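Copied over from TrEMBL, here are the features:
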- 1-27: signal peptide (SIGNAL)
- 28-326: domain 'Plant heme peroxidase family profile' (DOMAIN)
- 65: site 'Transition state stabilizer' (SITE)
- 69: active site, proton acceptor (ACT_SITE)
- 169: substrate binding site (BINDING)
């Protein structure tokens, strides 16, 4: 009995150590972080996001993209929300990958205002983005993507437009570049293929794929012809229409993206690049074939991404307003 008790104690200590290490890796994030600090927080954010997505599914797509663009630059710290100021006229939101295409800022503002009304000064803007991206995924997938995400992030004070070009993978990246870009943030090739599935929703400017519309191109000829009828030959800032990234189910998060990749009916070089290696092509095929597989993997990848470079008290804060740092 004594031996079994000692063995159980060792197992308990081992589990505690593993959990402690996981907490450290996640920057002390934990599920239910606001349970005592601000119990309504997650419910308030979900209500705001649900209302916004029902009115305009495209805003939901923008919020999912916002989470990715926030986490890859300066970590998941809401630095993407900061407005330009005299001291910093070029924050992230004005970087080429974000302006003018990134959207959903007004939804985050509304969620922050509602949360502040319930619990002033408690919930970070970074956590609100993480909750909002999860909730947008839930509504856009018809409940197929559902997960709990750890919280406890702090808001950053640094936001630089030129870092968006340094860290956000552009649509022209090849497979090697994509894998390296994700590895730099602690994500592997499977995470990269999984998170690329977010291209099942949203719209893209013609300028992001115009180079693929003229032969020789590996794009499906029928899709290329359809896109040429919608896009100018030389898109520019004043003439750059948008098209759905997934023409089959444009407003629903589902595995259709992977079927499109296999059929070569995707917009970006970075989408087509997923077929450039046997392992990533196999990942695409599995996601396309198995109902619910991608949705589960996407949920796990979003949680993993949400732990990138979390701020501490030394370099973070809880902003009173998401668009400006505290004085």
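The backbone N, Cα and C atoms fix where each Cβ goes, glycine too.
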In chain order, residues whose C-beta lies under 8 angstroms from the C-beta of residue 69 (active site, proton acceptor), counting only those at least six residues away in the same chain, are 80, 92, 97, 98, 102, 164, 168
Take the C-alpha atoms of residue 65 (site 'Transition state stabilizer') and the residue listed as 'substrate binding site' and report the distance between them in angstrom, rounded.
12
Here the 10 Å Cβ neighbour count for residue 65 (site 'Transition state stabilizer') comes out at 22
With every protein chain in view, what's the tally of Cβ atoms within 10 Å of the Cβ of residue 169 (substrate binding site), excluding that atom itself?
19
Looking only at the domain 'Plant heme peroxidase family profile' (28-326), report the model's average pLDDT.
97
